[in-house]
Structures are given as structure tokens and as C-alpha cells.
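S.K.: Quick one: the structure is below, questions incoming.
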Amino acid sequence: MSTLVNVPRSVIWNGNSITLLNQTKLPTEVEYKELTTIESVWDSIVALEVRGAPAIGITAAFGLAQAARRYETADITKFLAQLKRDRDYLASSRPTAVNLFWALDRVVRSVDDSLTVEEAKERLEREALDIQQEDEEVCRTIGENALTLFRDGDKVLTICNAGSIATARYGTALAPFYLAKEQGISLQVFASETRPVLQGARLTAWELQQAGVDVTLITDNMAANTIAAKGISAIIVGADRIVANGDTANKIGTFNLAVLAKYFNIPFYVAAPLSTFDPALETGAEIVIEERKDEEVTHVFGTRVAPEGVAVYNPAFDVTPNELITGIVTEKGILRGNYKEAIAKLFL
Ligand SMILES: CSC[C@H]1O[C@H](OP(=O)(O)O)[C@H](O)[C@@H]1O
């Protein structure tokens, strides 16, 4: 039996609307919401009701296909023009995770003016469903590839949530832990809480606990002490955008862990599907880092924890330089060494 039997799916297309797991309610409530308009899809992405690069892309793809079903024109040229406008609207929700743009553009590319409007509507829905199905298969393969990096008894540190609910299923950085559980391999996961939105405490600790995986929660400032005191053997994280030279954008705090991995001489792995790569960007300096509202830092679930008027800096991501990354685990295998060459080969 799959270890994920008690872990809900992030998003479900039920034929005419989107059923979304509302991740802002976890871990205390497993609540679903129906998204029936493109505005509600945009709002859910911005509010992190759905988050995680692949899950954002999948949800946006369903949101675009759903919106197109309601276009009233029978003129394919007008249909495609409206589709582009709605694609741009959904693309404006969050700037860093490349999967949002990758999924939207893949759905748009699936139709053209050789189709009738009705054929285009069906095609868009099919493409969004294919994206979700492929992501589940890809994430499982990433898990299989990542599992080769660990041995029975290893203690592994991670940050944020790159788990099943951040993807179609299985996750990326967390995928090996689910497969290890299925295969009777004992891995102990240490999850960093991940201020300010607490994806580690609220989501990763919850997901892994639901799956019966050994998980220990730490606060972000415990990372160095934990690596030393608990004998952490490796660090594995997800990604939101990996560029041509291997520089990787991921949740804020990831760069910190990469520096600690270097200091403690333990491997630092990134796990991500090819849909999270952006080879058009040469270095991490080109990645647009989302800055979110001050209240995420000055308040904890509505309670003020900082003085009125204090200046706030709230980047949602940081960029880990490629030289700090031991390996990048993909569905095509584990990239090491000269990432520029290895990534170029992926996209030949
Ligand atoms: C498998 S992608 C997960 C990736 O996305 C998270 O960011 P957010 O929660 O803001 O969407 C984080 O960077 C994870 O590593």
C-alpha cells in the first residue's frame, strides 16, 4: 500500500471546476475549496492556498482550461487572443517558480487556429490533465533517483515543503522518503520550520507524519546545531527555478543550508523536474525573487510580533550558487560537476 494513502492530492480537476486543497489551513484543517473562476485561481496562488512550483503550474493550467471553456466566441482567432490574455493574467500571480510559466505556455501551445473552438477547449483540458499525470510519474522517478543517495539509518535535513502537496504527487525533495518507507529503508527526516510562512512546520512535518515517515521538526536557527548534534548526513531541498549554470532559486533559507553543508562537508542536493529548469537564464542573478507583504514577518497567524512601522525585508526565495550544490536530482538522473554542460545536454 502507498505510504501516501493519507496524504491528499494538491489539486483535482473534476470536469468543470477545480477542487483545491487549501494549504493555508494545514495542519489543523484538511479543507478543500472549489475554484470556479480565473480570479479565484489567481487569488489562491497569490495567497499560497496552493503553493509549490509544480502544484502552482498544474493549478494554473486547469485554471486556464477552465476559463477557456466559458469563452463565448466561435471565432478561433478571437478565442486564442483571449486565451493569451488569460495566460498573462495567471502568469502575473507569482514571479519566481518557472513551472507556472512552463505549464501555462505548454497549455497555450497545445492549441492553434487549425482547430475549431470546441476542439480547442477539449485540447486545453487534455493538456492540463497530461501535465498533472506526467508530474506524478516524474516525481516518483525523482524519488527513485534520490533514494540512491541515501543509506538505511541516514538522517537528512530539508527546508520548506517540496512534498506531495507541492506537486501532483510524491513531491521532489520528499519523494525519496516516501519510497524509502515503502521499501522498509529507515530514513530520519529533520524538517526546518521555514519562517515566515512555516511550510516546513505546517506542511512537511504534517505530510511525513501522515505517511508514517520519521520526522523531527526544528526551527530555522537550529540548523547548524542540528547538523552537528544529530549527525545529519545530507541535505535535500526542492527548487523553484534552476538556471543554465545550475544556480537554484528555492525557499528563503535554502542558501543558508547550502553554506552550512559546505562548512560541515556534507552533501547538499536539489531535487527538481525538468519543468523547473529555465536554461534561458544564464545565472541566478537574473532570477526575479518574489518579495511578499510585510505582515508575513511582523505577524504570526494574526498576532503582531514586531513593532508598528518597523522596516521589513521579506524575500520569499533565495538563490544557491551552483558551486554549493553537490548534485541536482531529476527524472533523467543526477546531475553533478559542470552543470552548464549537464543542463545543456538535458535540453538538446
Ligand atoms: C516542489 S516545489 C516546492 C518549492 O516551492 C516552495 O515555495 P512556496 O511554498 O513559496 O511555493 C519552496 O521553494 C519549495 O522548495
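Positions of Cβ are set from backbone N, Cα and C atoms, glycine also.
Annotated substrate binding site per TrEMBL: Arg51, Gly52, Ala53, Arg94, Gln199, Asn250, Lys251, in sequence order. Here TrEMBL flags Cys160 as site 'Transition state stabilizer'. Residues or ranges marked as active site, proton donor in TrEMBL: Asp240.
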S.K.: For Gln199 (substrate binding site), list the number of other Cβ atoms lying within 10 Å of its Cβ atom.
M.R.: 28
S.K.: If you measure every Cα to Cα distance among Arg51, Gly52, Ala53, Arg94, Gln199, Asn250, Lys251, the residues said to bind substrate, what is the biggest one in Å?
M.R.: 17
S.K.: Test of understanding: give the count of other CB atoms lying within 10 angstroms of the CB of Arg94 (substrate binding site).
M.R.: 22
S.K.: Is any of the recorded positions Arg94, Cys160, Asn250, Lys251 within 10 Å of Asp240 (active site, proton donor) (Cα-Cα), and if so, which, in sequence order?
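M.R.: Checking each Cα against Asp240 (active site, proton donor), the hits are Asn250, Lys251.
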S.K.: What recorded positions in Arg51, Gly52, Arg94, Cys160, Gln199, Asp240 place CB under 6 Å from ligand 1?
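M.R.: Checked recorded positions vs ligand 1; flagged Arg51, Gly52, Cys160, Gln199, Asp240.
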S.K.: How big is the Cα-to-Cα gap, in Å, between Arg94 (substrate binding site) and Cys160 (site 'Transition state stabilizer')?
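M.R.: Between the Cα atoms of Arg94 (substrate binding site) and Cys160 (site 'Transition state stabilizer'), the distance comes to 17 Å.
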S.K.: Taking 10 A as the limit, how many CB atoms besides its own sit near the CB of Lys251 (substrate binding site)?
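M.R.: Total other Cβ atoms inside 10 Å, all chains included: 27.
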S.K.: For the substrate site (Arg51, Gly52, Ala53, Arg94, Gln199, Asn250, Lys251), what does the 8 A shell look like? I mean other same-chain residues with CB within 8 A of the CB centroid.
M.R.: Ile56, Ala97, Cys160, Asn161, Ala162, Ala166, Gly238, Asp240, Ala316, Phe317
S.K.: Between Ala53 (substrate binding site) and Cys160 (site 'Transition state stabilizer'), find the distance joining the two CA atoms and give it rounded to the nearest Å.
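M.R.: That separation, Cα to Cα, works out to 12 Å.
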S.K.: Cα distance, Cys160 (site 'Transition state stabilizer') to Gln199 (substrate binding site), nearest Å?
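M.R.: Counting only the Cα atoms, the answer is 5 Å.
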S.K.: In DSSP terms, helix, strand or coil for Arg94 (substrate binding site)?
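M.R.: For Arg94 (substrate binding site) - judged by DSSP and reduced to three states - the answer is coil.
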S.K.: List which of the binding-site residues Arg51, Asn250, Lys251 have their Cα within 10 Å of the Cα of Cys160 (site 'Transition state stabilizer'), in sequence order.
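M.R.: Checking Cα-Cα distances against Cys160 (site 'Transition state stabilizer'), the binding-site residues within 10 Å turn out to be Asn250, Lys251.
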